[in-house]
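Undergrad: Here's a structure for you.
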Amino acid sequence: MSERKLLILFGSQTGTAQDAAERISREAKRRHFCCRVEALDNYSVANLITETLVVFVCATTGQGDPPDNMMNFWRFIFRKNLPPSSLCQMDYAVLGLGDSSYPKFNFVAKKLHKRLLQLGGSPLLPVALGDDQHDLGPDAVIDPWLLDLWEKVLALYPLPPGLGVLSPDVLLPPRYALHFLDENADDGDQPQQEAARDTPSELRPFAALMVCNQRVTAESHFQDVRLIEFDITGSGMEYSAGDVVMIQPRNSPEDVQQFCQLLRLDPDRRFVLKPSEPDMALPAHLPQPCTIRHLVTHYLDISCVPRRSFFELLSYLSPDELEQEKLQEFSSAQGQEELYSYCNRPRRTTLEALWDFPHTTCVIPPAYLLDLIPRIRPRAFSIASSLLAHPNRIQILMAVVQYKTRLSKPRRGLCSTWLASLRPQHGDVWVPLWVKKGGMKFPAKPDTPMIMIGPGTGVAPFRAAVQERVAQGRKGNCLFFGCRQKSKDFYCQAEWEELVKKGFLTLFTAFSRDQEDKVYVQHRIRENKGLLWDLLSRDNAHIYVAGNAKEMPAGVAEALKTVFHLEGGLSTSEAEEYLAALERSHRFQSETWS
């Protein structure tokens, strides 16, 4: 049995790749493999040369980038000095997860597959390219790919004599056992601010004091947008324009209370976790011992839309025939459209799904909670301030996420709702956070002009860049800002107007709803084509775009190509190539989000 070892390594940004990796692990255990699942950067990559069977599950983020938890692995695997026979003993398979609406669809998985091949690895089957855009999501690719994978794997590593594949009816043991302690104790939820020994990180966030939480849209405006400021004195954190702050949100006390009532859990009970397998690490983000309240408040993502694996595990635990039947349907390949309509379309939360299966929910063994519900992921926000202008401070510009679906209760973003609810004027409020390098790099040369296109909250990184450049006495800052109405959502209006007066900023605004015909930033780009072409062709300007990924980025790209055509005399194909060349040389950068 010892040589039937399978290693599953994942690179995951939002948790989908981790979920897929854990699904492969469960299927491997049914086939009696000794199986390990690790994030790529937690794995000691030098050991890869000794591995014989590895499945890689990799998401692609943004503009074809690897997820944060595989960055170090990525740098290592592309080292020029690795011998071409490094992985000649390894059989491997790569599962990619991406979104075909992005130009670099599944770039990371394709590139990794090719690199493993170059290093002597033997692919068990072609790289699988899961697609978020498919009606059934990535499962449309994963389901048939897994059938092929197990056929290939079992041909190389047959089942031990006398053992068959465990039936799907058999419930696998939980990953961790919960040992409850006798005494009751307080959670100790107040953050104990330690002297910062290390730079704050995901494992050791800094508890920053929120000093300001100000609404910057008119009360009558449909959207609540906040300018929030944190004090980071003593954290040792530094950042530059273009960097992001990661914030670790928590569930609301009402949701935590509901969850505990539904599952009949005492929130004050303390427990310690014990892994079910000797080499399995404990969750790094949970204290030991821990209370149920802390686990549910800070760790379990009860407000996320549940995945298929959630319903699959619930179906094993259900004592109720009707509920079990429905849960089995949701977790079957045939039931994915039904599941999509129930879960994804209305954005139903895990907590709401648990309400719908009351007979099952009240008998969930606590030990299965960590298998059932993923952990709360940190949220990234563009930093909207500069340390040169605001020493020891971080500011963010945050839209409070709220929208309607066919469910009666409005959908709310976990992090933005929590942050918006905090009232620093009523007492100290602490928020766990850390800083991360951002994707946008601003020019090192002080005299390089910048053309910044940032409608809505997309203006946040440009506010940081402008503050930084103004503090250094740099001019040549050109900003295109768009919003709905000048009187309602013109963020930082007084600040921009003051900088225009002082000669530090050239500002073009597009207020889409202030006149009959809608006017967007792309209209202003076309109107100012002469200035833009001069800045690009004569002064070597850099262009930056940030904001909602829906239609704006494509509209801006088209407007820029029009400028190249009309002012630069370039043909359609030359204008395309000119924009591509600006992108290759990092003179055109965009950061968009959906």
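Along the chain as shown, the residues are counted starting at 1.
A Cβ is built for glycine as well, from the same backbone N, Cα and C atoms used for every other residue.
Where the annotation comes from TrEMBL, it is an automatic prediction and has not been curated.
Annotations for this protein, taken from TrEMBL, read as follows:
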type	residues	note
BINDING	12-17, 59-62, 97-106, Asp132	FMN binding site
BINDING	Arg347, Arg379, Ala380, Phe381, Ser382, Gly413, Leu414, Cys415, Ser416, Trp593	FAD binding site
BINDING	Thr457, Ser512, Arg513, Lys518, Val519, Tyr520, Val521, Gln522	NADP(+) binding site
DOMAIN	6-150	domain 'Flavodoxin-like'
DOMAIN	203-443	domain 'FAD-binding FR-type'
Undergrad: Measuring CB to CB from Thr457 (NADP(+) binding site), give everything in the same chain under 8 Å that is also at least six residues away in sequence.
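TA: Within the chain, Thr457 (NADP(+) binding site) has Cβ neighbours under 8 Å at Val225, Ser382, Leu397, Met398, Ala399, Tyr491, Gly547.
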Undergrad: So what sits near Ser416 (FAD binding site) in its own chain, CB-to-CB under 8 Å and at least six residues off in sequence?
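TA: Expected: Arg379, Met398, Ala399, Val400, Val401.
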Undergrad: Nearest to Leu414 (FAD binding site) by Cα distance: which of the binding-site residues Ser12, Ser512, Gln522 is it?
TA: Ser12
Undergrad: Which residues of the same chain, at least 6 positions away in sequence, have a Cβ lying under 8 Å from the Cβ of Arg513 (NADP(+) binding site)?
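TA: Listed in sequence order: Arg484, Gln485.
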Undergrad: Taking Arg347, Lys518 as the binding-site residues to compare, which has the smallest set of other Cβ atoms within 10 Å?
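TA: Output over binding-site residues Arg347, Lys518: least Cβ neighbours within 10 Å is Lys518.
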Undergrad: Mind giving me a neighbour count for Ser382 (FAD binding site)? Other Cβ atoms within 10 Å of its Cβ, every protein chain shown.
TA: 27
Undergrad: In Å, rounded, how far does the Cα of Val519 (NADP(+) binding site) sit from the Cα of Phe105 (FMN binding site)?
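TA: Taking the Cα atoms only, Val519 (NADP(+) binding site) lies 32 Å from Phe105 (FMN binding site).
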Undergrad: Helix, strand, coil residue numbers for the domain 'Flavodoxin-like' (6-150) per DSSP?
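TA: Helix, strand and coil residues of the domain 'Flavodoxin-like' (6-150) number 58 helix, 35 strand, 52 coil.
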Undergrad: Determine the Cβ neighbour count for Ser12 (FMN binding site): the number of other Cβ atoms within 10 Å of its Cβ.
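TA: Here the count is 23.
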Undergrad: Within 10 angstroms of the C-beta of Gly15 (FMN binding site), what count of other C-beta atoms is obtained when all protein chains are considered?
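TA: The answer is 18 other Cβ atoms.
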Undergrad: How many other Cβ atoms sit within 10 Å of the Cβ of Tyr520 (NADP(+) binding site)?
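TA: If we count other Cβ atoms within 10 Å of Tyr520 (NADP(+) binding site), we arrive at 18.
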Undergrad: Report, in whole Å, the straight Cα-to-Cα distance of Lys518 (NADP(+) binding site) from Tyr102 (FMN binding site).
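TA: Pair distance, Cα basis, whole Å: 27 Å.
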Undergrad: Most Cβ neighbours within 10 Å: which of the binding-site residues Ala59, Ala380, Leu414, Val519, Val521 is it?
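TA: Sorting the candidates by Cβ neighbours within 10 Å, the top entry is Ala59.
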